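S.K.: Before I ask anything, let me first share the structure, which is written out below as structure tokens.
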Amino acid sequence: MKLDLKILDARMRDYMPAYATTGSAGLDLRACLDAPVTLQPGETTLVPTGLAIHLADPGYAALILPRSGLGHKHGIVLGNLVGLIDSDYQGQLMVSTWNRGQTEFVLNPFERLAQLVIVPVVQAQFNIVDDFAQSDRGEGGFGSTGRH
């Protein structure tokens, strides 16, 4: 799949989104910062990437997801948990960054911060019904299928 990418900050030419391995699902996104940013515990900030994409095809969307190492080791996750980039969005990719950890975290310029995953999208149409066809699960949820 070819994707239109606009470089909004010339410095990002040296830090293009890339797959870390041939098996990677996510492209690494980096913090386009002029100076380090310190996040105190519980603090959130919006971090620019210096990049914009245009998917154009409504059959696709992009997800901005946290990097597992930052979340596990430092408590750095996305403030909105998942960022959804619609196919018609053309603005800068921004990463809502939340320090849910117990200690301050310093985010350095051009540090890998999040990952971008391209996913297929189905735009559903609704069929209004009075009742659903019976299923084994029915309305059971929140652990109704068992613990193990």
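Any Cβ shown, glycine's included, is placed from N, Cα and C.
Pulled from Swiss-Prot, these are the listed features:
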- ARG67, SER68, GLY69, ASN80, LEU84, ILE85, ASP86, MET94: substrate binding site (BINDING)
S.K.: Greatest CA-CA distance (Å) over the residues ARG67, SER68, GLY69, ASN80, LEU84, ILE85, ASP86, MET94 that the record ties to substrate?
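M.R.: Looking at ARG67, SER68, GLY69, ASN80, LEU84, ILE85, ASP86, MET94 as a set, their Cα atoms extend up to 26 Å apart.
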S.K.: Would you mind pulling the DSSP three-state label for LEU84 (substrate binding site)?
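M.R.: Once the DSSP labels are grouped into three classes, LEU84 (substrate binding site) ends up as strand.
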S.K.: Sequence gap of 6 or more, C-beta under 8 Å: which same-chain residues meet both conditions with respect to MET94 (substrate binding site)?
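M.R.: LEU46, VAL47, PRO48, THR49, GLY83 - these are the non-local Cβ neighbours of MET94 (substrate binding site), listed in sequence order.
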S.K.: If one looks at the chain holding LEU84 (substrate binding site), which residues at least 6 apart in sequence have a CB under 8 angstroms from its CB?
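M.R.: Spatial neighbours, sequence-distant, of LEU84 (substrate binding site): ALA61, ALA62, LEU63, ILE64.
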S.K.: Just counting, how many other CB atoms are there within 10 A of the CB of ILE85 (substrate binding site)?
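M.R.: There are 21 of them.
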S.K.: Tell me the coarse DSSP state (helix, strand, coil) of GLY69 (substrate binding site).
M.R.: helix
